[in-house]
Amino acid sequence: MKPFKPSKALLSPSPPSPLSPPSSPPPPPPPHPPKTLIPHPSTRLQIPPLRLLLRLPRARLPRLRPPLRRRRRAPPHARPRPRPSLRSLNLLLHRLNSLGFASQVPSLYSHLLPPHQKGDLFTHNALIHAFCKMGMLQDALNLLRTVEADTVSYNLVIWGFCVRELPESAVGLLSEMVKKGVGFDVVSGNTLVAGLCRKGLVEKAEALLSMLARGGVGADVVGFNSLIDGYCKIGAMSRASELVERMKREGINPDLISYNTLINGLCRIGEFGSASSVMDEKKKDVESNVVTYTTFIGEYCRREGLEEAFELYEEMVKGGILPDVVTFSALINGLCKSGRFLEAYALFREMETMGVAPNHVTYCNLIDSLSKLGKTRESSALFGRMVTRGVVMDLVFYTVLMDGLFKNGKIGEAKDTFQLILSSNIIPNLIAFSVLIDGHCKVGDMNSVELVLLEMEERSISPNVITYSSIINGYLKKGLLSKAVDFFREMRERNITPSIVTYGTLIDGFFKMQKPEAALDLYQDMLSEGLEVNNFVLDALVNGLKKNRRMDEAESLFEDMKTKGLTVDCVNYTSLMDGLFKTGNTPAALKAAQELMEKNLVPDVVFYNVFINCLCLLGKYEEARSFFVEMKKMGLTPDNATYNTVIAAHCREGKVEKGLELFNEMKGNNVMPNLITYNSLIASLFEAGNVQNAMLLLHEMADSGHGKQGNKKECVRLYCEMGFTPSESTLKFICSAFSRPGKKWRAQRVIPEYPACCVDYGMDLSDNWLKYLSSEKTGDWFSQIENSSSISTIAILIKKQHQMTNSMAAIICARLAQQEACDS
């Protein structure tokens, strides 16, 4: 083949075109030479087509066809949407149902299904399932009766009715299935049995299971497990055990769930021996798992059997069964309820080292325990740790947190927590509202309680007996007995049966309002309702009768409760002893104390306070002090009342130094002295002539904020001046101490310190104060109190005018006439 040679026409210069511009000199070179392009080896021979065309002479340029005009594409909203196939649609609807987006299923069904095409059985079942999940049972029924339905369709509607606690309506669908010739299967029976058992209709569920068995649908292990669980929940453990034996006779092997359910029911009623026997029997058929052990551990912890719980914990770990978060949470809850928080926190740390992530229940137990201990800072730190770890907080956690904040006096933070519940799109339930109401009632904010009740009414949440009991208690604390009675009547009108706590609270309120007969009538109403007296009601009755000096009735009621089988506790014995001591019936009180010891009841601080106070009243100071020492040996920390009683006993014996030692011990134990403590010590110090220490205690009392109470004008003045006013009893002690012969000079030393502090205390105190003042001091004192003195004070001064100058007497008389004119 000859090599290609270009033609001459292509190589010769082309003639000038008539359209070309006249020849002109060549353009000047560019100021900067163009950069030399070094082509890449892989693109060296690839010349763009446009550059190739531009190199050709213009006359030889080929004629190019104009590009074809493209069709304008329709806007997206005007294009016809491609519809998925029926199979894809069914798969999509099924996925939405399973992922919790049931509300989207009806809209997608109507949008994606073509108008001329009908869904198949699978499509309709997916739609029925979505309606049942959303609670739209009437729509599910309408669809069920208008389209082709099978056993699955009816089972879905039966499930929807059972979930909404309407199992009776679900049972009625069985007859409809028979009429339409749709067969029912074991799933139909299991669903109905589970629904009836959840509502407590266990006998009907068992009868239905037998009826289905006669119809050819035999029960399986799932149906029997539902029946066993139902009988366990109503406490019929003998029937539950018989069902397990029946399963074996019918050739149905009980599984792990059967045994675990039976064990849980036995543990719930405290039958741990029977539960252990079932566990041993189960080992022949199936191995125990973490649920079995956790069931035992949880119930032991709830019944304060921590030692047994930890023995099982060690047994399961040695057996190669690792505890889960439920096991750890149960143990932590038991330790927290027993007051062993440090051990609970150590177990919490061990849980983390074992790789078990704590959930909101674990944190909830720890935070609740810290709140009850008053350690709000630690609970807040644990709460922050929970948030940073991304633990999901539910309504139960928020409710526990709010309750703890209320109990620690953090009212604002507790209210913020409730607002956080609302802002988190969590719907508060009755328990959350009851905690909120109880918190407001404890601080006496009854206006907020009424607002919360209105909000509950708007949300269609009705108060229960716990809510009403809190409200009644709140109004009684405010002294509003009539409002408390109104809510008690409203409670009965709503057919809410008052609990024993409600009656006990109202009985105590009637006694405190000096209405003992009304309290006893309410007690008789409580007995007619069939409620049994508990320790709280007995204590309210004994205390109320004690305050009304009716100890004979209180003693007979106490004995009557014991004969009826009530286990009387230490608080009940202490209330009875206190009343017997105060009425002078010491032998009966000592007999009650001996009875308490014989029953191995552990005495508390109040018990010792009553005993110590009684012994001091009887003048048996040595025995009182021995009880005080014994109390500390038993690990009980004396409170304010204990220290005040013993300090007063020392002061009566003239042993002020011993009293001061106890005073310092009291402060060292973080028990703050009150006005009674200071008065006892100050009086004794003045009696002993120790004025310097008495004045030091007076100044300390001023710094600690103890002073005169009940006088609004005086409180405002003290607050503005940041000064100090001792109580009337303190000044009376000082006056009586100074009224002795030879101590007038001490009075003159004290007068400049407190010249006008007894202006408003009345005639007795001012008269004692003026008893030992000279006429000059009396005049100076009057000049200081002239602008604030009352008629009684001026009258006292007139009694002393025979010791004053005539001018001073005239001033006093003029002041008296002026004030009388103003008063008239």
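Backbone N, Cα and C define each Cβ position, glycine as well.
It should be emphasised that the depicted structure is a prediction, and the values quoted were computed from it without experimental measurement.
The annotation region 'Disordered' is assigned in TrEMBL to 1-43 (among others).
If you look up TrEMBL, you'll see 1-12 marked as compositional bias 'Low complexity'.
Taken from TrEMBL, the feature compositional bias 'Pro residues' applies to 13-36.
According to TrEMBL, the region 'Disordered' annotation covers 63-86 (among others).
Residues or ranges marked as compositional bias 'Basic residues' in TrEMBL: 63-84.
If you look up TrEMBL, you'll see 150-184 (among others) marked as repeat 'PPR'. For the repeat 'PPR' (150-184), residue counts in helix, strand and coil come to 27 helix, 0 strand, 8 coil, using DSSP.
Here TrEMBL flags 185-219 (among others) as repeat 'PPR'. Only residues 6 or more beyond the boundaries of the repeat 'PPR' (185-219), in the same chain, are considered here, and those with a CB under 8 A from a CB of the stretch are 151, 154-155, 158-159, 161-163, 165, 167, 170-171, 174, 177, 226-227, 229-231, 233-234, 236, 239, 250, 252.
Taking Cβ pairs closer than 8 Å, the repeat 'PPR' (220-254) reaches residues 186, 189-190, 193-194, 196-198, 200, 202, 205-206, 209, 261-262, 264-266, 268-269, 271, 274, 285 in its own chain, all 6 or more past its ends. Under the heading repeat 'PPR', TrEMBL lists 220-254 (among others).
What TrEMBL lists as repeat 'PPR' is 289-323 (among others). Here the repeat 'PPR' (289-323) returns a mean pLDDT of 81 for the predicted model.
Sequence annotations record features per position, and here TrEMBL assigns repeat 'PPR' to 324-358 (among others).
Positions annotated as repeat 'PPR' by TrEMBL: 359-393 (among others).
TrEMBL lists 429-463 (among others) with the feature repeat 'PPR'. Within the chain carrying the repeat 'PPR' (429-463), a Cβ under 8 angstroms from the stretch's Cβ atoms is held by residues 395, 398-399, 402-403, 405-406, 409, 411, 414, 418, 421, 470-471, 473-475, 477-478, 480, 483, 494, 496, all 6 or more beyond its ends.
Sequence-remote contacts of a segment are chain residues at least 6 beyond its ends whose Cβ falls under 8 Å from one of its Cβ atoms, and for the repeat 'PPR' (534-568) they are 500-501, 503-504, 507-508, 510-512, 516, 519, 523, 526, 575-576, 578-580, 582-583, 585, 588. The repeat 'PPR' annotation in TrEMBL covers 534-568 (among others).
Residue counts for the repeat 'PPR' (569-603) under DSSP, split into helix (H, G, I), strand (E, B) and coil, are 26 helix, 0 strand, 9 coil. The repeat 'PPR' annotation in TrEMBL covers 569-603 (among others).
When Cβ-Cβ distances below 8 Å are used as the criterion, the repeat 'PPR' (604-638) is approached by residues 570-571, 573-574, 577-578, 581, 586, 589, 593, 596, 645-646, 648-650, 652-653, 666, 669, 671 of the same chain, each at least six residues removed from its ends. The repeat 'PPR' feature in TrEMBL is assigned to 604-638 (among others).
Annotation comment: TrEMBL describes 639-673 (among others) as repeat 'PPR'. Here the repeat 'PPR' (639-673) has long-range neighbours at 605, 608-609, 612-613, 616, 621, 624-625, 628, 631, 680-681, 683-685, 687-688, 690, 693, 704, meaning same-chain residues at least 6 beyond its ends whose C-beta is under 8 angstroms from one of its own.
Residues 535, 538-539, 542-543, 545-546, 549, 551, 554-555, 558, 610-611, 613-614, 617-618, 634, 636 of the same chain lie 6 or more positions beyond the ends of the repeat 'PPR' (569-603) yet place their CB under 8 Å from a CB of it. Among residues of the same chain six or more beyond the repeat 'PPR' (289-323), those with a C-beta under 8 A of the stretch's C-beta atoms are 256, 259-260, 263-264, 267-268, 270, 272, 275, 279, 282, 330-331, 333-335, 337-338, 340, 354, 356. Secondary structure by DSSP for the repeat 'PPR' (604-638): 26 helix, 0 strand, 9 coil.
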